[in-house]
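Read through the structure below, which is laid out as structure tokens, and then see the notes.
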Amino acid sequence: MAILFAVVARGTTILAKHAWCGGNFLEVTEQILAKIPSENNKLTYSHGNYLFHYICQDRIVYLCITDDDFERSRAFNFLNEIKKRFQTTYGSRAQTALPYAMNSEFSSVLAAQLKHHSENKGLDKVMETQAQVDELKGIMVRNIDLVAQRGERLELLIDKTENLVDSSVTFKTTSRNLARAMCMKNLKLTIIIIIVSIVFIYIIVSPLCGGFTWPSCVKK
């Protein structure tokens, strides 16, 4: 389960975006953005196995796409965080910005927050207040039909292969680092055991050799 795609837009004008994996996100997002009214609103659209969550405030839309089994509370926590960071960074500039004007800067913020909110499953239990729970109850979920320009039914197509490859590389790197760390830990433990053994033998043998300088055992 993960947040698959996130976008910040003014109406249908995309200002910044980030995708967790490959897919026809932009084609689908354009259809969704065209259906979102300009007044302040929060809503979840349901389409197939995916959910489209959005917050619209001051004509700026903060939208993300998730699997249908991804917790809505986590999705809206993500959107609220993105909204706060975007408003703090750009303010009123977003009202007149050109398409993708903030993408070079803000896409990295989307990527970092997308990863953070996707991986931290305990986030809701820590951050979510009763007010947020009540707010979530008021956010409706609506089914939506998407139609491509050619009139055919539009489906969200996702290619997670690239992400799986990245995950495999990350897993191998993590495994190597873990093996290296375990090797160093075992080496340190071996050295400590050897030192302790030498000290122990020295303490045992010293009385038998007449003291700590071993006068009776060391020939002059």
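Using the three backbone atoms N, Cα and C, a Cβ is placed for every residue, glycine included.
Swiss-Prot lists 7-110 with the feature domain 'Longin', giving sequence analysis as the kind of evidence. Residues or ranges marked as domain 'v-SNARE coiled-coil homology' by Swiss-Prot: 125-185. The N-acetylalanine annotation in Swiss-Prot covers Ala2. Residues or ranges marked as phosphoserine in Swiss-Prot: Ser167, Ser168. What Swiss-Prot records for 2-188 is topological domain 'Cytoplasmic'. The feature topological domain 'Vesicular' is assigned by Swiss-Prot to 210-220, with sequence analysis given as support. Sequence annotations record features per position, and here Swiss-Prot assigns transmembrane segment to 189-209 based on sequence analysis.
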Review point. Per DSSP, what is the residue count of the domain 'Longin' (7-110) in each of helix, strand and coil?
Key: 43 helix, 36 strand, 25 coil
Practice item. Kindly assign Ala2 (N-acetylalanine) to one of the three DSSP-derived states: helix, strand or coil. Key: coil
Exercise for review: Enter the number of other CB atoms within 10 angstroms of the CB of Ala2 (N-acetylalanine).
Suggested key: 17
